[in-house]
Structure formats: C-alpha cells, structure tokens
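K.L.:
For reference, the structure I am asking about is given below.
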Amino acid sequence: MSEKIYPVTKPVKARALIDKEKYLKWYEESVENPDKFWGKHGKRIDWFKPYTKVKNTSFTGKVSIKWFEDGQTNVSYNCIDRHLKTNGDQVAIIWEGDNPYIDKKVTYNELYEHVCRMANVLKKHGVKKGDRVTIYMPMIPEAAYAMLACARIGAVHSVVFGGFSPEALAGRIVDCESTFVITCDEGLRGGKPVPLKDNTDTAIHIAARQHVHVSKVLVVRRTGGKTGWAPGRDLWHHQEIATVKPECPPVKMKAEDPLFILYTSGSTGKPKGVLHTTGGYLVYAAMTHEYVFDYHDGDVYWCTADVGWVTGHSYIVYGPLANCATTLMFEGVPNFPDQGRFWEVIDKHKVNIFYTAPTAIRSLMGAGDDFVTRSSRSSLRLLGTVGEPINPEAWEWYYNVVGDKRCPVIDTWWQTETGGHMITPLPGAIDLKPGSATVPFFGIKPELVDNEGKVLEGAADGNLCITDSWPGQMRTVYGDHDRFIQTYFSTYKGKYFTGDGCRRDADGYYWITGRVDDVLNVSGHRLGTAEVESALVSHNLVSEAAVVGYPHPIKGQGIYCYVTLMAGHEGTDTLRQDLVKHVRAEIGPIAAPDKIQFAPGLPKTRSGKIMRRILRKIAEDDFGALGDTSTLADPAVVDDLIANRQNKATA
C-alpha cells in the first residue's frame, strides 16, 4: 500500500474555498450539531416555503430519513430559473458528440426553453406529479432536458443506462410501473449505432407480458436511422416540442417528494430501485460539487460518466447546474477515434476540472504517454476519480503525466445510495495519499466494525458503516421498504452498512478495499453476481452457475463464471462464446463474462450452500490456503476446479 504523501500545494491552497482549519471546524460542527450545520447550508438552494425542521432521521426500527421536511422547493427551478436574471447567457451545457467534429453549447436561457417545452409535452400527454417516467437515452443534451422536465412537473424519473439490454430495461419499467418512456432512434458510441428505439420496443413487449403497459414513447431523433413505429403510441420529440409553449411554471414540491429512482445491483438477483427525494438530495449534490471540486465561477467542469449512473445524475446534471456551473456532456468513448480523445476534448473546451473512472485511467495508461503529452492540458486545475478504488500506480500516472504534477487528484468514495461524495479529500485542506479516499465529507460519520459488529478504533481493517444520516441519503427501495431495512440496516443494528471493506491508517485516512458482499465492481459499475448467475442459468444447456470477481488489470474486477452443464453436454469454446453473447443479451455488454470455466460440480457444503470463498481463491489463482474445507460434501470437486482453472499465471 502506498504511503507516499502529497501535501496541499501553495497555488491550490491559495485559491481553495476550504482550507485545513475551515475543514476541521466545519466537520466538527457538522457531526456535533447537524441541525445547526445543515440548517445553515440547506439555504444554498432556493425554497418557495422555507423549512423549519432540519433533520428527522432514525436508523433503527422502521428506519425513517427526512430532511428539511416542511420546506417546499423545485429542483428544476434551482438548476435553471434562479440563474437566469444574472447568468442567462452563460453556457450551462457543452455537448461534445461522439464524432470529434460535432459539438454544441447550450446557455441557461436556452436550457430553460428546452426543459419547459419538454415538460409541456409530458403534461400534454397526461404525465402528472408522482408518475414514473423511464428515460433510456444516449449522452445527448435531451437526456438532461428530460430529467429536468420531470423534476419541473413533479414526475419521478427512472434513467436506465443506454448500454442495458431490452430485458434489463423491461425489468425496470415493470418494477416502477412506468407508462411513459423517453428514448432516441439510435445512440452513437465509438462510431457505432446503438439501437435504443428497437430495444425499447422489445422491452415494452416484455413489460406488457407482465401487465405493465407503456402508453407513450417520446423519441428524440439522433441519427435518423430506421426504427419500428407504433402510431398512436410513439411520438417524435421534434414535432411535439413545436406544438407547445416555451415556458412552464415549476411545481412546488415538498422536500421529501420523490425526485428519481435509479436501479442498482444488489447481492440478490433483482436490481433495487434506489429512491432519492427532492430537497436533501439537491443540497448535498450541490454542496459536494462545489467544495470537493473547489468549483469557482467560470470553471469548465467535465465528468465523463453517463447519466444512466448516479455519477451522471449528481455530477453532470444536478450538482453542477444547481451551482450555475458549465458542465460538459460527452457522447463518445475514451478510445475513439483514438486513445487521445479525452486530452483533445480538454484542450478544445479548456476544461479546468476533470472527473473520470480508474478503469479509463488504467486503460489510457496502457496506451502510453504519447497520446497524453501531444496535448497541452494547460487548462486543467483538478483531477477526480470515481466508481472504484484507484490503485496507487494509476494514481501516480494520473497525477504525474495527465496533471503534470500540478493538479490534485481527488479520489471520491460514494455510492448510488449516498447521493453524493462521502469520503474524499478537499483539495485545499487535505494532503493526498495515492490510493486513499482520505477523510469524511461534512456530516459523514464513518465507523469500522468487525464481522461480529464490534467497533474498531484507531488503525484497523473492517466493514465500513455510517452511523448517522446525511441529506443526500436514499430514503427507501422503491416499493419495498422492508428490503431497504434488510439490505442496509440489519447487518449492524442502528448503522448504515455500505457493503464495502475498508482500512483506516494511523493518520485516520480511509482506504476502500472493495465489496464484502456478492456484488462485483466492473469498470466502476456495480453488478450483482446473482444477476449474472441467473442470466447464465436461463441458457438451456446450463444446469448451474456461480459467479465471482477476480483482479483485472483494466476493469479492476473481472467476471469469472463457473458453469455446470446439463448432463450429456460438453464444454466447448463455441459454447463459451455463446454464453458470453447470452449474458450480453440478458443484461448488457457491461456484464459480459471474462472467464468461463466448465465445472462438473461446484464446492458445496453438506447443506447445499456454494462455498464462494473457495471459488474466489481459485479464480484469483491463489489456492495455497483455501481455509477450512471440512464442511465440503465432495472435496474432490475442488481438485478438479484447480486443475482446470482459466486464470493460471503465465510463467
């Protein structure tokens, strides 16, 4: 583990919003007196009706989380209208297309008109407050307009990543009973079309079989590619917005009215609908965006995530726009036309703050320094990373080569469930250690506990819990509050359990060590092993499957599958390829297995439980100490798995 320390540099400290002294003072107040602290900082957004209650939360019993509950506000108003008087002509969104020669800029005045028109189209077709709208879009400005239009009229959006399959999309439509979908004829990624409208049509058929009927589909024209069309149901976005007014009053929303549902992987098969509400979420997204990235007026800020993930919600759309920032939306991929794309975009748009995932950093590091050094990158002031822990080697390369040793690397740990950054350095206050997410943000009380629930003090290695609520916290699992309590609050009573392992060093810095449950982190995206297993088992030749993660040089974690076939069938390379295709179709490319090992049997206890610990060790090519195997029903299975492992170290 790297123990190198990079102190805050003079230039960074000189312009920083928060220095060490202020961090310590604010942090102490935020945990000692959260009502006073958040009562003050809740005022960073505009309220139609000011709140008088700040925090009303309980992590025990029925678990209830409420912030600013008697206040009324509107997220779309805070992200657009309140900026118009003084900053209407400022650029809100810079859009950089998949094709490097195509881009556009959208000012706050233009954003207002686009969002109001889309909101009026939704209203015209019967969408009202509380209705769920599914958004299945590529990274184009209309995706942000759709989110903000829903927020404007009080509809609850559920954004589904454009890389997910029709089956995955259908499952999310069914779970929240969404009857209105916003999509696009086709997306573009790396020069290749993505059939979003065709996928949507397939998903709607699947949903209908489960008695959820989508009544309208609003289709944005992106490529002009051929798609199916259902008259009466399907609507062209460009035709619809021409028929409505360019203004739409924002609906007064209670702070605890739902804002969005975002599905995330759980350790059981069915994805969970993480529910975020209006007031607390926006306060937290905006505040973390400002202080973690040390955002100053006039900065150009670029987060490379997709709006289909929480990072896109909090740090492309809501946080930046609430702060009247200029946020860059990128439709493309890091290696198209070549591996220099990120650095060219930074030069082209004079980007000051750049936020990306360790997977992208590792892959670009592998492409060599020349792609980076042929660009100037002189506009860069701060680098951020998100999605998974960054290994010290990649951190050093990012700092030394991309940032020319002058930009702090802000390694942010947080989750879909947390709404915003939880453990992160503040650039002007915290010395950096490569590989460490460093220290908690204001109001966050981390605690390490062992497997028995004993609280660990000082330098320790354990399970990461948070002991008190913060405004950005998810409120429930949509439609299943018991699952919310069970998943997050039952393992360690009265504490929010993150599902991550963590080490705290002697300086009090936190190092995230990865998931401790059956959830994989592949390229910064969460995937439940159970989801991949059920996709494999749905293939007619597969009798049983077990999926584990293993260290992958680029993705962080790769997907290793043990597959037992139906009697009488042989495992072949053709079948292997077929299974990869099958999983891609069921879930999406993100879930494609890296290694498939055909196994006559899996290591099970006498009660029939699969011993995943053993499977993990074998997948990691580290089976010298498998631990206690005395409860195995058939120990010979293990020898066969070891002999046929797919991940043997090359001599």
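Even glycines carry a Cβ here, placed using N, Cα and C.
A quick note: this is a predicted structure, and the numbers were derived from the prediction, not measured.
Taken from Swiss-Prot, the feature CoA binding site covers R189, G190, G191, K192, T311, N335, S523, R584. Annotated ATP binding site per Swiss-Prot: G387, E388, P389, D411, T412, W413, W414, Q415, T416, D500, R515, R526, in sequence order. Positions annotated as Mg(2+) binding site by Swiss-Prot: V537, H539, V542. Marked as N6-acetyllysine by Swiss-Prot: K609.
Each of these features: where is it, how hidden is it, and who are its neighbours?
P.N.:
The Cβ of K192 (CoA binding site) has 11 neighbouring Cβ atoms from other residues within 10 Å, across all protein chains displayed.
Summarising the environment of W414 (ATP binding site), the number of other Cβ atoms within 10 Å of its Cβ, over all protein chains shown, is 25.
All protein chains shown were included, and the count of other CB atoms within 10 Å of the CB of H539 (Mg(2+) binding site) stands at 19.
Proximity of K609 (N6-acetyllysine) to non-local residues of its own chain (separation of 6 or more, Cβ distance below 8 Å) is seen for none.
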K.L.:
Taking just the CA atoms, what is the gap between T412 (ATP binding site) and N335 (CoA binding site) in Å?
P.N.:
24
K.L.:
Over all shown protein chains, what is the count of other CB atoms within 10 A of the CB belonging to V542 (Mg(2+) binding site)?
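P.N.:
Summing over all protein chains shown, V542 (Mg(2+) binding site) has 21 other Cβ atoms within 10 Å.
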K.L.:
With DSSP assignments reduced to helix, strand and coil, which class does R584 (CoA binding site) get?
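P.N.:
Helix, per DSSP.
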K.L.:
Which has the fewest other Cβ atoms within 10 Å: T311, N335, T416, S523, the binding-site residues listed?
P.N.:
N335
K.L.:
Between the binding-site residues G191, G387, where is the Cβ count within 10 Å the lowest?
P.N.:
G191
K.L.:
List, in sequence order, those binding-site residues among R189, K192, T311, N335, S523, H539 whose Cα sits within 10 Å of the Cα of G387 (ATP binding site).
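P.N.:
Near G387 (ATP binding site), where near means Cα within 10 Å, the binding-site residues are T311, S523.
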